[in-house]
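Below you'll find the structure, written out as structure tokens, and then a few comments.
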Amino acid sequence: QLDPENTGFIGVETFASLVHSHELPLDPAKLDMLVALAQGNDEGQVCYQELVDLISSKRSSSFKRAIANGQRALPRDVLLDETGLGIYKRFVRYVAYEILPCEMDRRWYFYQHRTCPPPVFMAAVTLTQIIVFLCYGARLNKWVLQTYHPEYMKSPLVYHPGHRARAWRFLTYMFMHVGLEQLGFNALLQLMIGVPLEMVHGILRISFLYLAGVLAGSLTVSITDMRAPLVGGSGGVYALCSAHLANVVMNWAGMRCPYKLLRMVLALVC
């Protein structure tokens, strides 16, 4: 009756009076969110599908965080039209369009994002890898193919299937690298892919993903080549690339990042 043309939309005031007159037992927080969503579209109308999704709790975690923090309204302007932003806020906007497929999600993330806690995991891992590489390079006076140096292989960090009893080696080998090329490649991908993912999904999820990739690498070597030593954070990097690839594929239609087809091919190549 309220939508004779079957558009799927009705006005906010009409919806509010409907809820009030029928005393519908709806969650007040979800009602507030629905009004915020309505304010975010051009017509200021309530969408039936958004109502169904919200009541059935199909909204993403960014919406749940927004509700918890009491952020009820969204500016209507598209994020790309924002002017006068500092370098960091421009980077946050870039991350929003890099990772999130929906304009509403992007805006919630952009206005909800806080600098604390910062994305420290990927930065800390990369910095540690660089420091370890520099220390061994200076000590051995060798900057390429360090694994060929006998003193390098005596490191307690290197993984070898013959040392499987020393369980820490399953993970610590990620701090060692063969040479500048391997270190540079891994560090670049960790920062380019890992930092945006960590900013959106948090340190716990990304650290678990990265360490799972590292562990998978050492376990694979254990059953495929019993003679091979293993160094480098490539296992974790491959896990990050796979996560980025999955993110692009699953959210293909809504992704606004440029050259997404080329980037998907590059992720597959890596």
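Placed from the backbone N, Cα and C atoms, the Cβ positions cover glycine too.
For 120-139 (among others), the entry in TrEMBL reads transmembrane segment.
The domain 'Peptidase S54 rhomboid' annotation in TrEMBL covers 166-266.
TrEMBL lists 170-191 (among others) with the feature transmembrane segment.
With a threshold of 8 Å between CB atoms, the same-chain residues lying at least 6 positions outside the transmembrane segment (203-223) that come near it are 117, 119-122, 125, 159, 161, 164, 169-171, 173-174, 194, 197, 230, 233-240, 242-243. Taken from TrEMBL, the feature transmembrane segment applies to 203-223 (among others).
If you look at the transmembrane segment (235-254), the same-chain residues 6 or more away from its ends with a CB under 8 A from one of its CBs are 99-102, 125, 174, 185-186, 189-190, 193-194, 197, 206, 209-218, 260, 263-264, 267-268, 270. According to TrEMBL, the feature transmembrane segment maps to 235-254 (among others).
Helix first, then strand, then coil: DSSP counts for the domain 'Peptidase S54 rhomboid' (166-266) stand at 78 helix, 1 strand, 22 coil.
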